[in-house]
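Following: one structure in structure tokens, then a few remarks.
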Amino acid sequence: MKDTVSQPAGGRGATAPRPADAASPSCGSSPSADSVSVVLAGGGTAGHVEPAMAVADALVALDPRVRITALGTLRGLETRLVPQRGYHLELITAVPMPRKPGGDLARLPSRVWRAVREARDVLDDVDADVVVGFGGYVALPAYLAARGLPLPPRRRRRIPVVIHEANARAGLANRVGAHTADRVLSAVPDSGLRRAEVVGVPVRASIAALDRAVLRAEARAHFGFPDDARVLLVFGGSQGAVSLNRAVSGAAADLAAAGVCVLHAHGPQNVLELRRRAQGDPPYVAVPYLDRMELAYAAADLVICRAGAMTVAEVSAVGLPAIYVPLPIGNGEQRLNALPVVNAGGGMVVADAALTPELVARQVAGLLTDPARLAAMTAAAARVGHRDAAGQVARAALAVATGAGARTTT
């Protein structure tokens with residue numbers, strides 16, 4: 001088995017050990033007569049890469065013979081995340097969409113076709129049976145290549161495409177690709193993609209299979225919380241969130257007075273200013289990041305977090321009530337991501353500008369001292385969460401790959 005990164009121009013390979021809890025994949029470069037070759041096109045941010053890796057693990061669990069190739073670019077997190085998960089990565093030219101007229105816009109067509117040619121070479125090299133796309137810079141070239149482009153110098157076979165959209169508002173690549181895709185899957189009903197089947201967002205197996213009640217005692221001991229504690233979990237993504245850090249740390253005294261323990265991942269570049277803990281105060285555990293999110297989720301009773309698609313998917317999948325604080329940029333995508341859970345009663349949305357220490361103290365203390373309301377929110381979050389999204393996407397990919405039958409030529 002070879003877990004490598006291949007650059008567009010034939011760069012050096014890179015290897016990484018595979019996590020112990022992940023299935024053993026088949027490398028994309030070892031074809032066999034009866035194995036299915038799947039190309040996963042999802043790069044750039046963790047929101048694109050993590051669902052792809054969850055689907056990769058689900059594919060291997062369904063069919064250990066499957067050959068998986070991840071498609072990415074040099075500028076994305078996939079150069080680190082994919083080899084860490086033990087999968088083969090092929091790199092193509094990144095084609096970001098220019099935000100304003102200029103030289104980048106004039107060069108866009110040539111960059112697109114270069115990326116399409118590179119993607120097509122990868123599809124041919126691994127004898128791809130299906131492309132599963134997750135949006136982002138790498139997806140559109142993969143979709144076009146799968147359609148049989150570019151045509152010269154020889155006629156190309158068409159490769160089936162399955163699209164997954166994690167966000168409540170579909171991005172450009174998936175909007176374009178959905179017109180000709182064989183299957184279109186989405187996280188929520190109103191993504192804007194025609195023919196979309198709602199499956200949720202694929203999450204890691206360690207999260208999808210998490211039984212918080214079973215793991216709670218171990219998780220709380222791990223972080224130093226009493227078994228009967230009321231625990232607030234706070235995180236703002238891999239880099240933390242300054243506004244969440246300020247609001248929650250500013251409420252530390254009030255939270256302690258209410259008997260609330262805090263597990264706060266503040267980000268590796270951030271420092272929390274916390275008051276000196278008084279004797280008898282509940283623990284306030286501040287860490288740069290959490291590398292065992294399943295333990296963090298199991299320890300918690302309530303979460304304050306951003307509302308990225310992956311965050312909402314994981315928090316709802318494990319049935320945690322949440323106070324979602326959408327990132328105040330873009331077109332409100334994060335707020336839309338949280339709305340299905342909020343509308344079902346599994347959480348609430350607080351605007352970033354409205355998140356103050358006073359609000360944190362009032363809302364958190366109110367929720368954690370109201371067992372009936374917290375239990376209702378927990379049940380609502382669990383009903384909305386999708387634990388088998390990765391399996392559903394994987395099964396769709398295998399069905400399309402094997403059920404498409406004869407490969408058509410365009």
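Placed from the backbone N, Cα and C atoms, the Cβ positions cover glycine too.
Noted in Swiss-Prot for the protein shown:
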- 1-35: region 'Disordered' (REGION)
- 14-35: compositional bias 'Low complexity' (COMPBIAS)
- T45, A46, G47, N167, R204, S238, Q334: UDP-N-acetyl-alpha-D-glucosamine binding site (BINDING)
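Q334 (UDP-N-acetyl-alpha-D-glucosamine binding site) counts 25 other C-beta atoms within 10 Å of its own C-beta, drawing on all protein chains shown. In three-state terms derived from DSSP, Q334 (UDP-N-acetyl-alpha-D-glucosamine binding site) belongs to a helical segment. Within 10 Å of the C-beta of N167 (UDP-N-acetyl-alpha-D-glucosamine binding site) there are 25 other C-beta atoms, taking all protein chains into account. For G47 (UDP-N-acetyl-alpha-D-glucosamine binding site), the Cβ neighbour count at a 10 Å cut-off comes to 22, with all displayed protein chains included. Under the DSSP three-state reduction, R204 (UDP-N-acetyl-alpha-D-glucosamine binding site) is assigned to coil, being neither helix nor strand.
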